[in-house]
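J.: Here's a structure for you.
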Amino acid sequence: MNPLNPDSRKEREPYVVTSKGHTAVAINAAAKAGEWIKSRQGLVKELGTKTSAQDLVTEVDKGVEQMIRRLILTHYPDHAILGEEGVEPGDEAAAAAITEARKHEYLWIVDPVDGTTNFVHGFPFYCVSIALVIRGDLTVGVIYDPIRDEMFVAEKGKGAYMHGVPTSVSSESELAGSLLAMGFPPDREFAQPANMAGLQSLLPQIRGIRAGGSAALHLAYVAAGRVDGYWEVGLKPWDCAAGVLLVLESGGKVTDTLGRAYDIGTCHVVASNGRIHEDLVASLKEADATGYKL
Ligand code: IPD
Ligand code: CA
Ligand code: CA
């Protein structure tokens, strides 16, 4: 190639970005975002609400999402980004955004702060969640907890890791010996009764339950074998896309609350080590706690 002749550029081999490149971008963005969020804990200036008084948003959620968008687009200007703060609040707008997002070959799904209520209260359990979907396939999932400096990374077909150490789900096979996690989205009309029914049904059958306030971190904890399973009715893709890949690549199972395969449009999610999955789904169905009309 002649560097002085611009036409000779045509002779160059096209640069193929590998999935490793995608993952590196996700890790870098999550690390920068996480540091920023942690540095602002206790210093929130603008506390706003979205769909209800319980649905919080701060200038940090918005600013961090902008930062992540800029970082991703610097590397991949033609990729699409579905970020929580870029979508109008409410289920209808989210459904429309998901339909639009499905059209894109390369789709990043971003939750800048998962666990905003915790962040606002100084409860140190929140994270950044970034996933990449390529032609409909969840391909990269990164979740960063800036408080514990834990970076969970999954690549489709290549496993899941936390700081280079493979993560794997637990081996518990009985609900009776299980520690589960769950959550309560801000919606109190539809999601809260369903999640309360699930809690009521499962708590007496298991060892214990945690509702830590970050869906993404709970999924990362299923992947890491720290809890045996997790479910929640009323999620959005940015809450769970990255965590779903982490669980799958750690040997676990993820379905909707009726036991059907996960898709980015799935809002009612069950994730587990696989061994307790059937029992978990059966209990939710029996308690009419799936979020679906049966
Ligand atoms: C919320 C958290 C919470 C879960 C809710 C989510 P946000 O996300 O993940 O644990 O129960 O369903 O909406 O609003 O903090 O990003
Ligand atoms: Ca979230
Ligand atoms: Ca969020």
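Placement of Cβ uses the backbone N, Cα and C atoms for every residue, glycine included.
These came from TrEMBL, pasted as-is:
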- GLU84, ASP111, ASP114, ASP239: Mg(2+) binding site (BINDING)
J.: Starting from the Mg(2+) site formed by GLU84, ASP111, ASP114, ASP239, give every other residue of that chain whose CB sits within 8 Å of the mean position of their CB atoms, in sequence order.
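T.: Other same-chain residues near the Mg(2+) site: VAL110, PRO112, VAL113, SER129, ALA215, ALA216, LYS236, TRP238, CYS240.
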J.: Please check the binding-site residues GLU84, ASP111, ASP114, ASP239 against ligand 3 and give me the ones with CB under 6 A, sequence order.
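T.: List returned for ligand 3: GLU84, ASP111, ASP114.
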J.: Hey, of the binding-site residues listed (GLU84, ASP111, ASP114, ASP239), which one tops the CB count within 10 A?
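T.: For the binding-site residues GLU84, ASP111, ASP114, ASP239, the Cβ with the most other Cβ atoms within 10 Å is ASP111.
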